[in-house]
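Asker: Submitted below is the structure of interest, expressed as structure tokens.
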């Protein structure tokens, strides 16, 4: 049974992330969406909120589970019995950084393979940071987020993120 880990901060999880999760779930027996605690980032959503939103977003996929972790990805991957790390690539610039991380992960955990998945062209421009920025200015981000996540964004930024005009 091949287990894969798909790591990220997922603040919030987007439809681009979901595309990777759904496709990885078709390849691997089990996919663990690993929500990382990154002390260098100031998240919009707490760890518990992110885990909860992701669990709601992936609830229709039977072979996906969601966990949080801190520390080295390879340590988490090894503890989970996973042999693959899934990474989504939006552009060549993503590959530069991801390739270096894959090589380091291989050094630290020789049994692990990094699997790069090209993002669907509909989401090649998309990032959590971009979604948060658009939402912070009252923009409509409804095309980019799973429904449960969109509801949480509306709680933070108001209904304009759903494409609804503010009530006057």
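Any Cβ shown, glycine's included, is placed from N, Cα and C.
Heads up, here are the entries from Swiss-Prot:
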| type | residues | note |
| --- | --- | --- |
| BINDING | 9, 41, 73, 87 | substrate binding site |
| BINDING | 9, 10, 17, 88, 89, 90, 98, 123, 124, 125, 126, 127, 128, 129 | ATP binding site |
| SITE | 17 | site 'Transition state stabilizer' |
Asker: Which Cβ among the binding-site residues (73, 89, 124) has the fewest C-beta neighbours inside 10 Å?
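Answerer: Each of the binding-site residues 73, 89, 124 was scored by Cβ atoms within 10 Å; lowest is 124.
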Asker: Roughly how many Å separate the Cα of residue 89 (ATP binding site) from that of residue 9 (substrate binding site), to the nearest whole number?
Answerer: 15
Asker: In whole Å, note down how far the CA of residue 87 (substrate binding site) lies from the CA of residue 128 (ATP binding site).
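Answerer: Each residue's Cα considered, residue 128 (ATP binding site) and residue 87 (substrate binding site) end up 15 Å apart.
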Asker: Rounded to an integer, what is the Cα-Cα distance in Å between residue 17 (ATP binding site) and residue 73 (substrate binding site)?
Answerer: 18
Asker: I'm trying to understand the geometry here, so how far is the Cα atom of residue 41 (substrate binding site) from the Cα atom of residue 98 (ATP binding site), in Å to the nearest whole number?
Answerer: 18
Asker: When a 10 Å sphere is centred on the Cβ of residue 87 (substrate binding site), how many other Cβ atoms does it contain?
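Answerer: Step by step: centre on the Cβ of residue 87 (substrate binding site), count other Cβ atoms within 10 Å, giving 21.
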Asker: Can you give me the Cα-Cα distance between residue 98 (ATP binding site) and residue 9 (substrate binding site) in Å, rounded to a whole number?
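Answerer: Cα of residue 98 (ATP binding site) to Cα of residue 9 (substrate binding site) measures 15 Å after rounding.
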Asker: Taking 9, 128 as the binding-site residues to compare, which has the smallest set of other Cβ atoms within 10 Å?
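Answerer: Among the binding-site residues 9, 128, the lowest count of other Cβ atoms within 10 Å belongs to 9.
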Asker: At a 10 Å cut-off from the C-beta of residue 126 (ATP binding site), count the other C-beta atoms across all protein chains.
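Answerer: Residue 126 (ATP binding site) is surrounded by 21 other Cβ atoms within 10 Å.
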Asker: Going by Cα-Cα distance, pick out whichever of the binding-site residues 9, 73, 87 is nearest to residue 124 (ATP binding site).
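Answerer: Result: the closest of the binding-site residues to residue 124 (ATP binding site) is 87.
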Asker: Using a 10 Å cut-off on Cβ-Cβ distances across all protein chains shown, tell me which of the binding-site residues (17, 41) has the largest neighbour count.
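Answerer: Comparing the binding-site residues 17, 41, the most crowded Cβ belongs to 17.
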Asker: Please report the DSSP secondary structure of residue 89 (ATP binding site), reduced to three states.
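Answerer: SS state of residue 89 (ATP binding site) = strand.
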